[in-house]
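First comes the structure, then the notes that go with it.
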Number of protein chains: 2
Amino acid sequence: MSKDIPLQKYGFVKRDTPRKINLDPLQTGGILTPEANQALMEWGDGYSVCDYCAGILDEIKTPPIFDFIHKALPEFLGCDQARVTNGAREAKFAIMHSICKEGDWVVMDGNAHYSSLVAAERSRLNVKLVEKTPSPEYRIDPEGYGKAIEEIKESTGNVPSMALVTYPDGSYGNLPDVKAISRIVHSYGVPLLVNGAYAIGRMPFNAKDLGADFIAGSGHKSMASCGPIGVLGVSNEYAPKVLERSKFNKNKEIESLGCTARGATIMTMIASFPSVYERTKPENWQKEIENARWFSSELENMGMRQLGDRPHNHDLMFFETPVFYEISKKADRYFLYRELKSRSIHGIKPGLTKFFKLSTFGVGRENLGMVVDAFKEIIQKYEA
Amino acid sequence: MSKDIPLQKYGFVKRDTPRKINLDPLQTGGILTPEANQALMEWGDGYSVCDYCAGILDEIKTPPIFDFIHKALPEFLGCDQARVTNGAREAKFAIMHSICKEGDWVVMDGNAHYSSLVAAERSRLNVKLVEKTPSPEYRIDPEGYGKAIEEIKESTGNVPSMALVTYPDGSYGNLPDVKAISRIVHSYGVPLLVNGAYAIGRMPFNAKDLGADFIAGSGHKSMASCGPIGVLGVSNEYAPKVLERSKFNKNKEIESLGCTARGATIMTMIASFPSVYERTKPENWQKEIENARWFSSELENMGMRQLGDRPHNHDLMFFETPVFYEISKKADRYFLYRELKSRSIHGIKPGLTKFFKLSTFGVGRENLGMVVDAFKEIIQKYEA
């Protein structure tokens with residue numbers, strides 16, 4: 001038996017980061033709604049939703065998991081079949097692992113999230129990246145997919161078994177032309193996986209409209225859910241492979257290992273769903289874009305520079321900030337983090353001053369104004 | 001964009017199962033401690049623990065995730081290296097997928113949980129089961145592992161690449177002789193994975209004492225954690241393979257896809273850890289065994305029969321209940337469920353009357369006495 005474990009540092013731990021204004025791209029879309037907070041307390045116990053489970057998570061009628069997964073989610077995502085997973089990366093892995101064979105090739109955009117690369121690596125696939133254009137745009141040219149597929153075909157004799165595009169990417173918040181990419185990869189018979197971890201739950205999204213065969217989304221990143229939880233969408237064409245059931249137990253899907261997001265994670269996703277549905281309506285998303293553009297222009301007026309798509313079409317933005325870098329040479333590299341923390345503004349990585357990314361999602365014009373004012377004050381203070 | 005989704009059934013949903021007394025084996029070890037409930041509200045937001053993350057979840061110093069995963073957990077589990085996963089099944093899959101090659105064989109006990117079989121299937125392995133003894137014992141004879149390995153060796157020319165044993169199993173709560181199994185499989189050079197989903201967090205457990213090379217445990221099943229979360233333990237010998245890092249990103253482990261239990265799941269596990277540590281002490285576990293044995297003898301006095309290990313050494317027990325089956329012929333198969341529900345007792349699957357499994361873990365002698373009295377009342381009522 002174990003002994004001598006100092007226990008006093010465990011137990012309940014307070015969260016000491018300022019949470020008044022949070023600009024961390026990982027966090028803005030995952031902040032729980034009041035309904036989700038209520039659901040947490042109700043469904044927090046380990047297997048709480050399994051009270052009436054007859055062996056298949058997504059067929060639980062009470063609470064309404066069946067209706068959510070089989071009716072609301074496919075409609076919301078614009079796909080034939082949907083499932084909940086333990087996250088977007090787990091959805092991507094499940095899709096690659098079931099569709100591709102060891103040694104196959106997959107083509108991805110050069111802005112792909114590291115977890116897409118690791119999902120391919122875990123599936124033992126070869127990865128070819130479609131180059132992004134140079135700074136400051138970092139765009140993905142749809143024609144690059146055709147070129148990559150041709151190159152793979154030439155060197156291996158076969159087309160890749162999948163293409164993936166990140167919509168938008170997690171560095172610049174760029175929205176590539178997925179429809180064009182879909183047309184190109186489909187012309188080679190290659191199916192397309194859209195990683196929508198920063199789209200689904202934030203903005204209008206429809207798998208069929210985009211031409212996606214598979215989609216992955218993130219509950220804790222963009223659907224106001226307690227993590228880890230994600231969503232997987234698949235067309236009827238590919239569903240038999242991705243959702244194949246076990247030969248050992250006919251109730252259990254192989255790629256989900258039989259059961260995924262149970263308890264608090266699925267119930268917070270359901271709790272937040274009406275709000276998430278509302279916030280992704282085109283008119284509400286338009287306000288978020290306007291806020292992002294306004295914020296970007298204010299920062300540019302202070303001598304910073306927003307990279308990526310211009311005008312920008314997403315809340316996630318990357319800024320070059322020479323004005324702060326110059327100050328850091330006189331002060332130290334943590335001055336910006338300290339100054340923002342003292343103003344209860346969080347989300348720019350400690351130590352970054354030359355460039356940083358942030359998200360304006362759900363922060364609101366008033367709070368964004370406070371951030372703009374804070375930046376002005378900080379610049380004045382150190383330039384004085 | 002989606003339309004016409006009836007939203008009124010989503011949002012906050014109340015949990016209407018009686019929770020005064022819960023005997024569901026899935027639930028008894030996963031009920032949150034008061035500290036975990038507090039942690040839920042504090043850390044419920046999607047990526048809440050990532051505020052100070054520099055790229056590696058298990059190296060986050062604030063909150064104390066690094067100390068928990070690298071110090072407390074290995075000591076508690078008796079293993080060299082530990083990680084948190086999205087559940088015990090995800091730990092088993094990660095271990096099999098990294099250690100075994102497609103087409104390899106794995107030997108498992110005939111009481112293995114379905115998720116062990118599905119994890120092997122997802123890893124594209126062949127499975128050979130060690131038969132259990134017939135009813136009423138359902139024991140696993142350690143010699144069966146030697147026999148199974150010999151048979152595989154004979155037919156394929158190679159020994160299996162892994163053996164797995166379930167300690168205890170989820171049907172009968174039997175505790176096989178893992179040390180003897182370990183000696184046998186190690187004599188063939190086969191490494192051993194112990195599935196401790198119903199042990200770790202409930203009872204004394206030490207991987208090295210058991211002779212385990214790998215272990216899997218469940219946070220939502222047995223460590224009073226908000227799921228999905230599990231623990232993975234591995235010896236230094238096998239850690240380089242199981243915990244191998246990505247060639248694309250040196251901070252990210254391949255089998256975890258870079259990051260696993262973040263937010264509320266890890267923080268509730270940490271919050272409950274002092275209590276979980278306490279309840280697994282031999283003297284406290286001994287009280288649980290005494291309660292289970294007392295409860296079993298009370299049911300046997302009413303004409304039911306406990307299968308599996310006798311005397312029993314775990315809170316999870318399987319009963320044959322002809323007395324209830326006879327009543328169901330006169331009443332209907334849901335009478336027992338209804339009668340128990342009206343007494344606020346939950347956890348025996350609706351419709352079961354001929355046999356059922358339950359768990360007495362943490363229920364306490366007073367509440368167990370109420371269950372015994374309820375059974376007596378129900379029998380009297382229907383036999384009158």
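Just so you know, glycine gets a Cβ as well, placed from its N, Cα and C.
Cβ neighbour count for A:Ser218 (pyridoxal 5'-phosphate binding site): 32 (other Cβ atoms within 10 Å of its Cβ, all protein chains included). Taken from TrEMBL, the feature pyridoxal 5'-phosphate binding site applies to A:Ala88, A:Arg89, A:Asn195, A:Ser218, A:Gly219, A:His220.
Taken from TrEMBL, the feature N6-(pyridoxal phosphate)lysine applies to A:Lys221. DSSP assigns A:Lys221 (N6-(pyridoxal phosphate)lysine) to a helix. Sequence-distant contacts of A:Lys221 (N6-(pyridoxal phosphate)lysine), defined as residues of its own chain at least six apart whose C-beta falls under 8 angstroms from its C-beta, comprise A:Leu26, A:Gly29, A:Gly30, A:Ala88, A:Ala197, A:Tyr198, A:Gly201.
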Neighbouring C-beta atoms (10 Å sphere around the C-beta of A:Gly219 (pyridoxal 5'-phosphate binding site)):
32
Centre the Cβ atoms of A:Ala88, A:Arg89, A:Asn195, A:Ser218, A:Gly219, A:His220, go out 8 Å, and tell me which other residues of that chain have a Cβ in range of the pyridoxal 5'-phosphate site.
A:Gly87, A:Glu90, A:Ala91, A:Ala197, A:Ala216, A:Gly217, A:Lys221, A:Ser222, A:Ile229, A:Gly230, A:Val231
Under 8 Å Cβ to Cβ from A:Asn195 (pyridoxal 5'-phosphate binding site), same chain, six or more residues apart: give me those in sequence order, or none if nothing qualifies.
A:Ala88, A:Lys92, A:Ala112, A:His113, A:Ser116, A:Leu164, A:Val165, A:Thr166, A:Tyr167, A:Ile215, A:Ala216
Which one, from the binding-site residues A:Arg89, A:His220, has the smallest tally of other C-beta atoms lying within 10 Å of its C-beta?
A:Arg89
What is the maximum Cα to Cα distance, in Å and rounded to a whole number, among the residues A:Ala88, A:Arg89, A:Asn195, A:Ser218, A:Gly219, A:His220 annotated as binding pyridoxal 5'-phosphate?
14
For chain B, which of the binding-site residues A:Ala88, A:Asn195, A:Gly219 fall under 8 Å by Cβ?
A:Gly219
